[in-house]
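Down below is the structure, laid out as structure tokens.
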Amino acid sequence: NFSRVTEFILLGLSDTRELQVLFFIFFFLTYAMVLLGNLLIIVTVRTDPKLSSPMYFLLCNLSFLDICCTSVTSPRMLVDLLSRRKTIAFEDCIAQLFFLHFVGASEMFLLTVMAYDRYTAICKPLHYTAIMSRHVCCVLVSACWAGGFLHSMVQTLLTVQLPFCGPNRIDSYFCDVPPVIRLACTDIYVIEWLMASNSGLISLVCFLVLITSYTFILVTVRVHFTEAHWKALSTCASHVMVVTLFFVPCIFIYLRPFSTFPSDKHICVIYTVLSPVVNPLIYTLRNNEVKVSMWKL
């Protein structure tokens with residue numbers, strides 16, 4: 001694509017050596033918690049026959065996506081925090097961008113499917129087993145992965161066709177669309193709006209669908225006032241907190257022109273590092289069945 005840039009320099013989160021060491025310790029412990037917590041959920045769900053409902057099948061897939069999402073950025077960031085020269089090859093940068101949007105968009109779609117699953121279980125309990133059969137769950141999860149792949153292909157193809165002839169300093173700790181396309185030596189007005197309408201609208205639409213489904217659940221709970229429905233409401237409240245933590249930063253970053261706003265690398269930490277840590281805590285500590293199965297395991 002006529003680019004003369006063969007590598008990028010990642011500026012990271014801080015230039016101060018002491019802060020880099022503190023960041024390394026914090027993010028190393030966080031990454032270890034993500035791996036251990038989500039792997040524990042996957043093993044627990046796979047080994048306990050009692051956890052065979054669609055909700056736990058979807059939870060198992062969410063844990064796998066959380067591991068993938070944080071593994072795209074965290075290992076590279078940990079290495080760079082201890083390195084003097086934080087460089088990444090052009091091909092590696094594009095690959096990181098592709099996989100980040102692949103698993104990120106897939107997780108957005110999956111969270112939407114999980115909200116639909118909770119809506120069906122609470123608002124249509126008599127039809128739940130027929131609506132959310134094993135086959136339907138597999139189809140929905142496959143659609144989430146396919147949607148994430150198509151989204152990522154669009155973002156990647158729009159990025160690689162841009163010419164990069166310098167500078168090559170990315171004001172972030174990983175390669176993402178906003179900081180990378182700012183370095184293109186051409187007018188990116190049309191491209192950035194195409195990307196914003198892609199990533200930003202996906203984030204916004206999925207978030208609105210989630211909020212709508214939980215609103216219907218809230219209305220159902222207020223009508224019935226049973227103990228089981230109140231328990232469902234408590235679970236859904238924790239789910240809303242998780243999706244808000246994941247979606248709001250994405251909407252803030254992607255649903256706007258990239259070139260006219262400064263880098264938001266500190267906000268990116270929320271959905272690339274912190275959200276995958278919170279997910280296993282919320283979905284296990286708020287669920288007695290999973291906790292009992294973990295103790296048995």
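Our numbering is plain: 1 for the first residue shown, then up by one each step along the chain.
Just so it is clear, glycine is given a Cβ too, placed from its N, Cα and C backbone atoms.
Values in this document were obtained by computation on a predicted structure and should not be read as measured data.
These come from TrEMBL:
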TRANSMEM  20-43  transmembrane segment
DOMAIN    37-283  domain 'G-protein coupled receptors family 1 profile'
TRANSMEM  55-74  transmembrane segment
TRANSMEM  94-116  transmembrane segment
TRANSMEM  136-154  transmembrane segment
TRANSMEM  201-221  transmembrane segment
TRANSMEM  233-255  transmembrane segment
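Looking only at the domain 'G-protein coupled receptors family 1 profile' (37-283), the predicted model's pLDDT averages out at 85. Contact check: the transmembrane segment (55-74) against the transmembrane segment (136-154) gives at least three Cβ pairs closer than 8 Å, residues 6 or more apart, which meets the contact criterion.
Outside the transmembrane segment (20-43) by six or more residues, the chain places 12-14, 59-60, 63-64, 66-67, 70, 74-75, 77-78, 81-82, 273-274, 276-277, 279-281, 283-284, 290, 294, 297 with a CB less than 8 A from a CB of the stretch. Fewer than three CB pairs closer than 8 A are found between the transmembrane segment (233-255) and the transmembrane segment (136-154), and contact between the two stretches is not assigned (pairs 6 or more residues apart).
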